[in-house]
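Sequence annotations record features per position, and here Swiss-Prot assigns Zn(2+) 1 binding site to CYS60, CYS62, CYS75, CYS78 based on sequence analysis. Annotation comment: Swiss-Prot describes ASP449, ASP451, ASP453 as Mg(2+) binding site. Summarising the annotation, Swiss-Prot assigns Zn(2+) 2 binding site to CYS818, CYS892, CYS899, CYS902 and lists sequence analysis as the type of evidence.
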Amino acid sequence: MIDVNNFEYMKIGLASPNKIRSWSRGEVKKPETINYRTLKPEKDGLFCERIFGPQKDWECHCGKYKRVRYKGVVCDRCGVEVTRAKVRRERMGHIELAAPVSHIWYFKGIPSRMGLVLDMSPRSLEEVIYFASYVVTEPGDTPLEKKQLLSEKEYRAYYDKYGRTFTASMGAEAIRKLLADIDLQKEVNALKEELETAQGQRRTRAIKRLEVLEAFRNSGNEPSWMVLDVLPVIPPELRPMVQLDGGRFATSDLNDLYRRVINRNNRLKRLLDLGAPNIIVQNEKRMLQEAVDALIDNGRRGRPVTGPGNRPLKSLSHMLKGKQGRFRQNLLGKRVDYSGRSVIVVGPNLKMYQCGLPKEMALELFKPFVMKELVSKGLAHNIKSAKRKVERVQPEVWDVLEEVIREHPVLLNRAPTLHRLGIQAFEPILVEGRAIKLHPLVCTAYNADFDGDQMAVHVPLSAEAQAEARILMLAAQNILNPKDGKPVVTPSQDMVLGNYYLTMENANARGEGSVFKDSNEALIAYQNGYVHLHTRIAVPVASLNKPTFADEESNMLLLTTVGKLLFNEIMPDSFPYINEPTASNLEVKTPEKYLVPSNTNVKELLKERDLVPPFKKGFLGNIISEVFKKFKITETSKMLDRMKDLGFKYSTKAGITVGVSDIVVLSEKKEILDEADKKVERIMKQFRRGLITEEERYDRVISIWSDAKDLIQSKLMGTLDARNPIFMMSDSGARGNASNFTQLAGMRGLMANPSGRIIELPIKSSFREGLTVLEYFISTHGARKGLADTALKTADSGYLTRRLVDVAQDVIVRENDCGTDRGLEVTAIKEGTETIEGLYDRLVGRVAFKTVRHPETDEVLVRRGELMNEDTAKQIVDAGVESVTIRSVFTCNTHHGVCKACYGRNLATGSDVEVGEAVGIIAAQSIGEPGTQLTMRTFHTGGVAGDDITQGLPRIQELFEARNPKGQAVITEIDGDVVDVRDGDKREVTVQSELETKNYSIPYGSRLKVAVGDKVVAGQTLTEGSIDPKELLKVTGMGGVQEYLLREVQKVYRLQGVEIGDKHVEVMVRQMLRKVRVVDAGDTGILPGSLVEIQRFNEANKKVLLSNMRPATGRPVLLGITKASLETDSFLSAASFQETTRVLTDAAIKGKRDELLGLKENVIIGKLVPAGTGLARYKTLGIHSAHDERAENEEAGTPEEVLVQD
């Protein structure tokens, strides 16, 4: 048996007839399967035991030899070898075909490989193979040409005329003769000569032919092997036949297809023996050809063969294809043992790294561990009695279970797993009941709620798996979101509300201005009702024990509230005292304005002071980031647990409720609406007089109503009491926002009709007042569209993620530094005047390519090759530097991956990326996961020139698939000045540079962006709209396209409020640009017109340049992610993605080697993935658990000094 962890590559090729015979254990001669009476396999049939091995372990067909002691004996009566039954999964048979048959993949695929080799059209091939025409194989000395097609009539005429001086024949036999006659070397040389002169279609055809012929020449495959003499029969266990309850049999479709082949083959043999007339033999040969076609790929040609109920039969190709095929169903994703699933409920008292596991579930999952422990403790005599104990659930089992579970993490997963935080490890705590308890803070990462969601539990079995789960996957380790490096475990809903309530301030509350000797005294006063949580009080700075206060401040008083004292108790000791929600308070220290001398009259002072706003959701997130930066993981997770407990406690104490009386309707609403109605009437008058067009009228009406709604919204927010429960909910960020509130108390505003156009009649009522019937009806459009969109969006977004993962799965951090000599210059990304992504965001966590100096003082801000953290980036931005050159994935030279320096910081851990990190997968997940939050719609902005801007998910797909965008803009190919803009029947823009002048015709309906006298640079847009990236590539080269795609993707996500790290998009775009189309091969021997990886292209050129020969020339191509995935070097990865048969056909002809560099290939063949701890360098490491060591020590009789795992 092959050892999966020990082979270097996997190769695929065409099988020669002899190879097929060498695989086989015997010929299948009969179409029978099993005997209907004895249910034993028929001899020489499709399930024959002599060929494929015994059905029962160590037992021959006739029963002469039973038991393992006869291992390896071949029975003299029935000829069956005595061995294990599982050999029936690996032994193959064969069928000797009475006539050669063409393989449908090579004849029918697009392009037809047989057609390319023979230089015949697929149409004529089909006529020959299916016995409609003769083909001349040897013209002899007749005027006929080789490969000329003759109809039956013509053949007769020529035969009568020339007799046997020429040969022409039909069927796959003729094709095989033609294939065998080909001299590959001669053909290749002829084609290379032709390429030097050929143009257009002829050139394209020649390149395609050359590619196939070269493939045959280099791979050692014979072209004639595309025609089969022998057909392999796959092992019977892979096409099983099973008995159902009613005595009927269910069988794999392959058996039916094989039976048809065998029947027709046997009939053909008989006809040939009888010397039947030619026409009958030909018909039988055609039927045999069709039967083999159906077996290999049913439905590829003609009508598919159907089984009972007109269902097409599943052929060998269908076994591989699609979601249910071998690749995606069994090789890339398998069902696993030691798992369970149940409904989740909230576990507010769990620690960050814990989850509640139902007792009975835990017992079932950890059964083998419990049984082993029962035996080793002497509570059961053997495994069998231990098993019985566990199944009867005897009392001592629970104690053992507690022990087994104590240090054993489990994995919790919620589907859909959109990013790596969808599976995390927890320490299980046994709970009563049947629901899994989940920590409330990890819900965001899982996108889980408790309305009936279910989660699956998996048990890591080996010591290695447990160590990885504990060190890498524990929930407390995954505080940052890999997509942007911000905390993903921010408190939500009740927790936010509780902390908001806790840190509120009230003027003139009970006991305002009291001074207490320390926080304990203040708390006692609060518990006894002397002060309120919101009362502004003072405490001595010295009593707080905070090292961030200066020595001279220690005898002053700090103005704060009781709630804030409580809130600060959960923070680490050396963290600044947080008194106001500002960045400087977090990063530096408490602002001095809250410190007053100890003899101050606090009560009087407070009367003049404004109230400090409470801490909202965003600020809590900043606190977590800051704590993480200063104190790392353990401290942060402890602080998070304390923040959660505080939030729950005080949102309960606050007793915030919502009633109808909390929704106050605005008194000035009527006036605002009347005013708007008057404006609309004025517009209508202008329209009726013909002063404005229909479009302008519509636009103005819409803008009047949206302005009215905005006005109502701002007035509402102004009149609200800060203690209004609904306002508190939306202001704190717990639930809802200003626009929800406007709909409740103000007006609902404008709605869109089903086609997405805004109806100009607004909904004037609010929910508090109630909608009229018409208003309600109009509202339903939007609601229904929302639900339909969500359903479609989920599928689209999931498919996008799958394509992204596929294209980037082999991008792994392979080395420390690739030593590239190029960097990427970054500036803030802007859209008009609005900044989409600031320079700060683009610098944090990246390595500087050049030393950056302060523009005024010339002081070094960051050295070349240094990683920029938050502080450095802030200094650079504050110094007024506008552009910085950084190391980027775009310019990385590492083969099959990236290097540490070009990637920079790993956003998920906040520290340097490690060698072996699968950054491609992380990038794909980070871009795909927020996909569900993007909108589906194409915005139709009204206006005179209505242009459709594609946004949201469709725009992202358009960018990553490198499609021609909707509403394409015209771009200039040269730098220069706009010298002329012609408007009229033919709109034109003329750009002039020093060397040339170019005219660009502007399509009707496009809006111009340039005017005469503007300076333009190559690749700049002349009209509004999106650029076609393929055009841009021709004009600006790779740099321009990379920059454009990065900017556009960021724009879509940022406008939806989703932040994604640049480096993720860079990884994807780099994968789209990794190929070059060879224009002229020079002396490199690369085929012209082929797609080659940039690195391979450069290496080939380096070699020929060193020998003073001619290098190849090529131009970079931009591939969409689907195309890029299929163009990958690994055929296993491509075949398991899409177009399985095409990829495998191609790979077999080329005799491709898969070097197993990516993740998918290794998952498919069952090796460890070459990333993370699966890297070769970790293979030699062994893992000792304390448990094994204790056992060894006891055996050796040494004193028990045990190394415990960290």
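Quick reminder: no glycine exception, Cβ is built from N, Cα and C everywhere.
Features as recorded by Swiss-Prot, highlighted on the structure.
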{"residue": "CYS60", "record": "Zn(2+) 1 binding site", "DSSP class": "coil"}
{"residue": "CYS75", "record": "Zn(2+) 1 binding site", "DSSP class": "coil"}
{"residue": "ASP449", "record": "Mg(2+) binding site", "DSSP class": "coil"}
{"residue": "CYS892", "record": "Zn(2+) 2 binding site", "DSSP class": "coil"}
{"residue": "CYS899", "record": "Zn(2+) 2 binding site", "DSSP class": "strand"}
For the binding-site residues CYS62, CYS75, CYS78, CYS892, CYS902, the largest set of other C-beta atoms within 10 Å encircles the C-beta of CYS902
ASP449 (Mg(2+) binding site) and CYS902 (Zn(2+) 2 binding site), compared by Cα position, are separated in whole Å by 38
One of the binding-site residues ASP451, ASP453, CYS818, CYS892, CYS902 has its Cα closest to the Cα of CYS60 (Zn(2+) 1 binding site), namely ASP453
Spacing of the two Cα atoms, CYS78 (Zn(2+) 1 binding site) and ASP451 (Mg(2+) binding site), in whole angstrom, works out to 64
Whole-Å Cα distance, CYS818 (Zn(2+) 2 binding site) to CYS62 (Zn(2+) 1 binding site), is 67
Expressed in Å to no decimal places, the gap between the Cα atoms of CYS75 (Zn(2+) 1 binding site) and ASP453 (Mg(2+) binding site) is 59
CYS902 (Zn(2+) 2 binding site) to ASP453 (Mg(2+) binding site), Cα to Cα, whole Å, comes out at 41
Smallest number of other CB atoms within 10 Å: among the binding-site residues ASP449, ASP451, ASP453, that is ASP451
In chain order, residues whose C-beta lies under 8 angstroms from the C-beta of CYS899 (Zn(2+) 2 binding site), counting only those at least six residues away in the same chain, are VAL813, ARG814, GLU815, ASN816, ASP817, CYS818, CYS892, ASN893
Residues lining the Zn(2+) 2 site besides CYS818, CYS892, CYS899, CYS902 (CB within 8 A of their CB center) are GLU815, ASP817, THR820, ARG887, VAL889, THR891, ASN893, THR894, VAL898, LYS900, ALA901, TYR903
Around the Cβ of CYS60 (Zn(2+) 1 binding site), other Cβ atoms within 10 Å, all chains included, total 25
Residues sitting within 8 A of the centre of the CYS60, CYS62, CYS75, CYS78 CB atoms (Zn(2+) 1 site), not counting those, run GLU49, HIS61, GLY63, LYS64, TYR65, ASP76, ARG77, GLY79, VAL80
ASP453 (Mg(2+) binding site) and CYS62 (Zn(2+) 1 binding site), compared by Cα position, are separated in whole Å by 56
Students should find that the Cα atoms of CYS62 (Zn(2+) 1 binding site) and ASP451 (Mg(2+) binding site) sit apart, in Å rounded to an integer, by 61
Same-chain shell around Mg(2+) excluding ASP449, ASP451, ASP453, C-beta within 8 angstroms of the CB centroid, reads ILE344, ALA448, PHE450, GLY452
A correct count of other C-beta atoms within 10 Å of the C-beta of CYS818 (Zn(2+) 2 binding site) gives 18
